[in-house]
């Protein structure tokens, strides 16, 4: 009797397990059918969560960029940057980039975007939204590039509300890779050496979708027929994409982002030239794409998908580096750390030299130096800081192109040194032989040195975030552009 009870129990358990297995198989089959079916997604659907039904793994891995939430205050880490950017918004607030999930939060909370009180106020143009959201190519399509690039940043506060996501890189109707920002193709044509969107292969596109944003750019003042002026995002590639090529481009058109508050130098602010830096390194020369390393393929059961947790490839070395490199992870990491240490050393020396040049130039103006005496000096400072910033703003430059990065920082130090030698002669000519530029010790001291009213700026920003910013979100929700549930549990973090 006991034997039959035992067999009966075993049979029940077996039937149960078979039921679970069959249910799992059916679920996987249904999921595969969903994945292979034609997505029922509108062409300009910019709410990223709407893609989860058809692409759950891709969406869930993208959402993991939410975990990259730490604020790393770069001005606190490198207070010299405050003086390097004196007179420019970056001296107020500059943090290391966080995950794509926070793109809208970070630009909205930054002191750089100021504290607008309506759609027509604030310090920055609408172009400052360009790389933050899939809502941008939607608006470009609806209104045209000229209209989009016209007006203040606050103009689109209630329209650009979803962080970097699906439509930035994919056509929702086919899920093919796409570039929705036309200035990239314009620049590729102007450069004349790289594949354009018309000739790009699938492998090329796995980099070009990233190059929509991870590039050097400037805002080109473009007068329009209606009397308005567009501040159009433009990539300075007409001469090529090296640091020297772009320096020549900017010098030829006599462009400057701002005039330095202390040295009176017409400055160029490098943005984030990862694509240009990548091109000069081993990975770029061998067409190893951005996605190959930052979005590796992942296998889950019978389903292979691209990991959309865009971040540091070193966190997934078995799926990234070790696919090609036949050395141990330990050896590879040691090599990378050595490259970073060398870059960090030259980076610090470059900052110190350029800061001293700015302050010594300020002293020269103070004691009566003439524009003619200062002309070549200011050119040296301009070129030194452009080259330093090019290497520093591309956060991964030491990895993507270590030799090029060290060369760039080396020439930055050289040019800053040349400026200081000339400044010593100018200062001596005007009776100053013992001036020593103050040492920059911390962020607070540096911001006080250049006269930034930080308390006032922070208070104004808090009024904006507690007022107009909330109004934008409410308006966007009413328009159907924004789902507040997508931001539940998100903590506001800043460096101030």
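For all residues, glycine too, the Cβ spot is worked out from N, Cα and C.
The secondary structure of residue 210 (heme c 3 binding site), as reduced to three states from DSSP, is helical. Sequence-distant neighbours of residue 210 (heme c 3 binding site) (same chain, 6+ residues apart, CB-CB distance under 8 A): 274, 275, 290, 291, 294. Taken from Swiss-Prot, the feature heme c 3 binding site covers 100, 210, 213, 214.
The feature heme binding site is assigned by Swiss-Prot to 128, 131, 132. Using a 10 Å radius centred on the Cβ of residue 131 (heme binding site) and all shown protein chains, the other Cβ atoms total 20.
Sequence-distant neighbours of residue 166 (heme c 2 binding site): residues of the same chain at least 6 apart with a C-beta under 8 Å from its C-beta are 48, 51, 55, 59, 62, 134, 172. Annotation note: residue 166 (heme c 2 binding site) sits in a helical segment as assigned by DSSP. Annotation comment: Swiss-Prot describes 166, 169, 170, 308 as heme c 2 binding site, evidence class sequence analysis.
Residues annotated as Ca(2+) binding site in Swiss-Prot: 216, 217, 269, 271. Long-range neighbours of residue 269 (Ca(2+) binding site) (same chain, six or more residues apart, CB within less than 8 Å of its CB): 85, 88, 90, 257, 258, 389.
What Swiss-Prot lists as substrate binding site is 217, 272, and the listing cites sequence analysis. Less than 8 angstroms from the CB of residue 217 (Ca(2+) binding site) sit 183, 233, 234, 235, 236, 271, each of them six or more residues away in the same chain. For the recorded site, residue 217 (Ca(2+) binding site), the DSSP three-state label reads coil.
What Swiss-Prot lists as heme c 5 binding site is 283, 321, 324, 325. Spatially close to residue 283 (heme c 5 binding site) yet at least six residues away along the chain are 293, 400, judged by Cβ distances under 8 angstroms.
Per Swiss-Prot, the feature heme c 4 binding site maps to 290, 293, 294, 400; the stated evidence is sequence analysis. Residue 290 (heme c 4 binding site) carries a helical DSSP state (H, G or I).
The signal peptide annotation in Swiss-Prot covers 1-23.
Around the Cβ of residue 170 (heme c 2 binding site), 21 further Cβ atoms fall within 10 Å across all displayed protein chains.
Distance between Cα atoms for residue 308 (heme c 2 binding site) and residue 214 (heme c 3 binding site): 17 Å, as a whole number. Residues 210, 274, 278, 283, 288, 289, 291, 292, 313, 396 surround the recorded heme c 4 site, their Cβ atoms falling within 8 Å of the Cβ centroid of 290, 293, 294, 400, which are themselves excluded. In this record, heme c 3 is bound by 100, 210, 213, 214; the longest C-alpha to C-alpha distance in that set is 12 Å. Separation of the C-alpha atoms of residue 213 (heme c 3 binding site) and residue 272 (substrate binding site): 8 Å, rounded to the nearest whole number.
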